[in-house]
Amino acid sequence: RQALRSVAGPEVDFARAEREYQLYVGVLRGKLGLQVLELPADESLPDCVFVEDVAVVCEETALLTRPGAPSRRKEVEAMKRALGSLNLNIVEMVDENATLDGGDVLFTGREFFVGLSRRTNQRGAEILADTFKDYAVSTVPVHDSLHLKSFCSMAGPNLIAIGSSEAAQKALKTMQQMSDHRYDKLTVPDDAAANCIYLNIPNKGHVLLHRAPEEYPESAKVFEKLKDHMLIPIANTELEKVDGSLTCCSVLINKTSEL
């Protein structure tokens with residue numbers, strides 16, 4: 001009830017949200033064999049399940065963000081402890097003029113695109129660029145969505161999944177103009193379904209977690225055309241009510257050492 005949401009709507013079914021979340025974690029840990037470090041729930045922070053927004057991790061460096069919503073800034077503390085236990089190089093965003101949500105950060109493997117939204121500003125994007133100096137960083141205006149990744153994500157090593165709305169297509173055009181690289185695109189009918197999780201896992205190859213057919217049947221048909229991927233449908237009906245997407249609930253870290 002207390003979680004932030006951009007539009008009023010039906011109440012979250014908490015028991016169902018828990019089941020969907022446990023399935024999500026179960027896929028990462030059980031089906032895919034990833035090591036999963038779960039942060040403790042904090043009842044005073046109703047958005048704390050959306051861990052993606054409070055950290056951007058690339059290689060051995062973790063940038064702790066300064067979320068755009070003031071009510072979420074304490075979430076950074078638990079993330080700082082968790083990432084510290086993984087011996088990552090931690091950079092803290094301390095500039096009070098900066099805001100950055102991880103949901104606005106799309107890392108393509110070659111460069112970063114940062115959405116300038118209600119939650120992320122130019123100063124936040126500049127600090128990200130200072131933190132990850134090996135990569136180009138381009139900013140993309142986001143108007144009709146909460147985050148950049150509300151309507152796009154990586155669906156493969158060179159493949160951007162993008163929604164069909166005018167706002168999504170406009171953002172894609174901006175990204176294409178900003179980049180020296182040509183990306184392939186996978187256009188899906190539903191913006192929310194364009195947020196998927198791509199993983200390249202040894203012995204399993206290309207893996208894609210995408211929204212379930214019962215939620216977005218037409219978009220699911222598009223994903224099913226990706227014959228080289230192991231496709232795993234995941235339901236996210238409840239957290240979507242409070243602006244949650246599939247990428248929101250995890251921070252993926254490529255680390256060979258044990259957790």
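Each residue's number is its place along the chain shown, starting with 1.
Even glycines carry a Cβ here, placed using N, Cα and C.
As written in TrEMBL, here are the features:
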ACT_SITE  His147  active site, proton donor
ACT_SITE  Cys248  active site, nucleophile
BINDING   Leu4, Asp47, Glu52, Asp53, Arg72, Arg119, Val242  substrate binding site
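Positions of TrEMBL features highlighted on the structure.
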residue : record                    : Cβ contacts under 8 Å, 6 or more apart
Leu4    : substrate binding site    : Pro46, Asp47, Ala69, Ser71, Arg72, Val242, Asp243
Glu52   : substrate binding site    : Gly102, Gly103, Thr247, Cys248, Cys249, Ser250, Val251
Asp53   : substrate binding site    : Asp47, Thr65, Pro67, Arg72, Glu75, Asp101, Gly102, Gly103, Arg119, Cys248
His147  : active site, proton donor : Asp101, Gly103, Asp104, Gly115, Ser117, Arg119, Thr120, Ser245
Arg72 (substrate binding site) CB neighbourhood, other CB atoms within 10 A:
21
Using the CB centroid of Leu4, Asp47, Glu52, Asp53, Arg72, Arg119, Val242 as the substrate site centre, which other residues of the same chain sit with their CB within 8 A?
Ala3, Phe50, Pro67, Ala69, Asp101, Gly103, Asp243, Cys248
Max Cα-Cα distance in Å among Leu4, Asp47, Glu52, Asp53, Arg72, Arg119, Val242, the residues listed as binding substrate?
15
With the cut-off set at 10 Å between Cβ atoms, which of these recorded positions ends up with the most neighbours? Options: Val242, Cys248.
Cys248
C-beta crowding around Asp47 (substrate binding site), within 10 angstroms:
22
Measure from the Cβ of Arg119 (substrate binding site) and count the other Cβ atoms within 10 Å, all protein chains considered.
24
